[in-house]
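According to TrEMBL, the protein carries these features:
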SIGNAL    1-21  signal peptide
DISULFID  30-242  disulfide bond
DISULFID  78-88  disulfide bond
DISULFID  93-100  disulfide bond
DISULFID  150-232  disulfide bond
DISULFID  155-215  disulfide bond
DISULFID  163-178  disulfide bond
DISULFID  182-191  disulfide bond
DISULFID  192-202  disulfide bond
């Protein structure tokens, strides 16, 4: 039997430890039911569970396969009609059932996005408001190692009450979601397409700044990579809907944690040397890929 030489042993130990499955615990702290939806990315098998209900205070733990990528979101104001068809007023996946079965969220929707075991064995994760907002959400890594800048991120604010009138989605006169400017107006400067289809031409707008000022760590528009993508190694994750207002995403010095700046290929303030290009390309491609779902 072939043996592994001592110099290679740390590499193999790192490789196998970096592809373990992860546990995602999804917790509903809202005062109303949430129907989480789960969508796996292209090339990643759909999970056995792609949708379920969480009553207030309930949680559900999902085992995610190694190298999984995809999205998790919360549907609200859901019901079943007389014909048995299930639908939701916000973030509906259009499947007609509680299970989403490979369908994504209809905007507006707050999205938790993940790419597990990416470049350098790190997980990339973010909370995106690019498709609008419907419910407060935080991602809390429960790290088993010191890799990455594992930190709680997300959007804990209730933006439905502050949403500009032209972006509001209302049910019975109550604001239940907040559209993105792209979703509301469909114009290239808001959707980052056409002549605005690059980071240099698609810039923040007053609408994206509304989302960014309330939730500094969340994606506010398509090319908001530099302040909104975070990494962690060998972690499980807690995804909380309607997190407590006492939950802080600031560090002990009162500052918001730094994201992975994929535009400058930095990580935690230090150059990434030979893996800088890998991080940049992986994070950017992950974001481009997830926006196509």
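Numbering starts at 1 and runs along the chain as displayed.
In case you wondered, yes, glycine gets a Cβ from its N, Cα and C as well.
Because TrEMBL annotations are produced automatically, they should be read as predictions rather than curated entries.
Around the Cβ of residue 242 (disulfide bond), the number of neighbouring Cβ atoms within 10 Å comes to 20. For the disulfide-bonded residues 88, 93, 100, 155, 163, 178, a Cα to Cα distance of within 10 angstroms from residue 191 (disulfide bond) holds for none. Taken residue by residue with DSSP, residue 30 (disulfide bond) is part of neither helix nor strand, so it is coil. For residue 215 (disulfide bond), the Cβ neighbour count at a 10 Å cut-off comes to 24, with all displayed protein chains included. Neighbours of residue 191 (disulfide bond), defined as other CB atoms within 10 A of its CB across all chains, total 19. Within 10 Å of the Cβ of residue 78 (disulfide bond) there are 18 other Cβ atoms, across all protein chains.
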